Amino acid sequence: MSDGIMTGIEYDDFLDLGYEPAGTELVCEFTIEPAAGMSMEAAASRVASESSNGTWAALHVDEDELTELGAVACGIDGRTVTVAYPTALFEAGSMPQILSCIAGNILGMKAVDSIRLEDCDWPESITSGFPGPQFGPSVAREKLDAGERPVLATVPKPKVGLSTDAHARIGEEAWRGGVDLLKDDENLTDQAFNPFADRLAESLAARDRAQEETGERKDYLVNVTAETTEMLERVDLVAEHGGGFVMVDVITCGWAAVQSVRERCEDHGLAIHAHRAMHAAFDRLDHHGVSMRVIAQIARLCGVDHIHTGTAGLGKLANEDTPGINEWLTSDCHGLRPVLPVASGGLHPGVVDQLIDALGTDIIVQAGGGIHGHPDGTHAGAKALRQSVEASMAGTDLETYADDHAELATALEKWGAETPR
Ligand SMILES: O=C(COP(=O)(O)O)[C@H](O)[C@H](O)COP(=O)(O)O
Ligand SMILES: [Mg+2]
């Protein structure tokens, strides 16, 4: 045993309400409900301890053999706890390891009845280890011809079960009608009824025909979600076929896989569309889990170009603070490119004006049922969505614009300005 000084690491070693975080630390904000009989101070300290280098018991260590990496619970305001983590605690460029600290054991420990990771303030010492987006919002003008209007996307419905031909045909109708992007649904990957390689080839051929006819650049968000090695092969196949984008279900794939896809997409110049299926397992409860704000931050560091962030309450899915999340995604973060937010889920032409009022025009507006459920079919549905965006961009109310745009008029007659559940 060396002659280092033996020190006890007691729980209050992790609590210092007078501590001011240095600019090089990762500062996390948690909402916590302490366990019965536990003070906020004790619970806050246990959170800082368990998520950095401590545990439930006091420890005796030889200081000569220990790099001090303890986090500090440095703020308590009601149920909000702020914890500052030293950068040296984290492996540079590893999102899995960072999350194993700040969203690991602490989410399940008995010292708190509930805990939610609400927000992170990422220092450059950490963001510099991540690539961030390759394109971000520039896809609207670098890869597509959306100009200043929102990028329009659709996903064929039914979400799975369509044959490869039907999928490509629906895509062609939607592209011809005026959308920029066709997107696979989150659970369409490589199934017998619509194999990945066939769907990729046929849909891109349809894309090329639609580009020819409309004179506008179109593209396809093909879902490459799979085991990581397979996913990388699918990314290569997209590049070989002349695609410009891939789609990844980032939560179900995992962030390590997203980092691998981001690296491969850099080689090919492919943009990444992040679907967030399963996020509600983390962010739906307002008192426990991980907020969508943090999920979006993680996605930006890992390098997605667009991510679904909700419809500001206008769609079919429970949403949280979409405007705040979008604002962070497009704000400066140590030089990381911004991310293009995607509004989707229950959207149709009748709510596009409210959506743009709420979220602005630097978004992707995605509609599935809101296009393919149009009484006159997909082509008319896509035209109606495009017309609703044109009206909003021109500052004309939808009803007036619909007077000489039949497809929009039919959509408004069917859905009005109501938002579905
Ligand atoms: O298929 C759709 C929308 O289809 P539709 O337009 O028919 O509702 C998307 O998977 C949801 O938008 C996901 O939700 P979110 O975008 O909130 O992640
Ligand atoms: Mg879907």
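Using N, Cα and C of the backbone, Cβ positions are placed for all residues, glycine too.
The Cβ of Lys157 (active site, proton acceptor) has 18 other Cβ atoms within 10 Å, all protein chains considered. Per TrEMBL, active site, proton acceptor is recorded for Lys157 (among others).
Taken from TrEMBL, the feature active site, proton acceptor covers His275 (among others). In this structure, His275 (active site, proton acceptor) is part of a beta strand by DSSP. Listed in sequence order, Glu186, Asn223, Met247, Val248, Asp249, Val250, His308 are the same-chain residues at least 6 apart in sequence whose CB falls under 8 Å from the CB of His275 (active site, proton acceptor).
Gly368 (substrate binding site) carries neither a helix nor a strand DSSP state and counts as coil. What TrEMBL records for Lys159, Arg276, His308, Ser344, Gly345, Gly346, Gln366, Ala367, Gly368, Gly369 is substrate binding site.
Following the DSSP three-state reduction, the secondary structure of Lys183 (Mg(2+) binding site) is strand. Within the same chain, residues at least six positions away from Lys183 (Mg(2+) binding site) with a Cβ under 8 Å of its Cβ are Ala153, Thr154, Val155, Tyr220, Leu221, Asn223, Met247, His273, Gln366. The Mg(2+) binding site annotation in TrEMBL covers Lys183, Asp185, Glu186.
The annotation domain 'Ribulose bisphosphate carboxylase large subunit C-terminal' is assigned in TrEMBL to 139-415.
Under the heading N6-carboxylysine, TrEMBL lists Lys183.
Taken from TrEMBL, the feature site 'Transition state stabilizer' applies to Lys316. Annotation note: Lys316 (site 'Transition state stabilizer') sits in a coil segment as assigned by DSSP.
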Of Lys183, Glu186, Gly345, the binding-site residues whose C-beta sits under 6 angstroms from any atom of ligand 1 are Glu186, Gly345
Taking the recorded positions one at a time (Lys159, His308, Lys316), which has its Cβ surrounded by the most other Cβ atoms within 10 Å?
-> His308
Cβ-Cβ neighbours of Gly368 (substrate binding site) (radius 10 Å) | 23
Quick one: of the recorded positions Lys157, Asp185, Lys316, which has its CA closest to the CA of Gly368 (substrate binding site)?
-> Lys157
Which recorded positions from the list Asp185, Glu186, His275, Gly345 come close to ligand 2, meaning a Cβ under 6 Å from one of its atoms?
-> Asp185, Glu186
Looking only at Asp185, Glu186, which of these binding-site residues has the biggest number of Cβ atoms within 10 Å around its Cβ?
-> Glu186
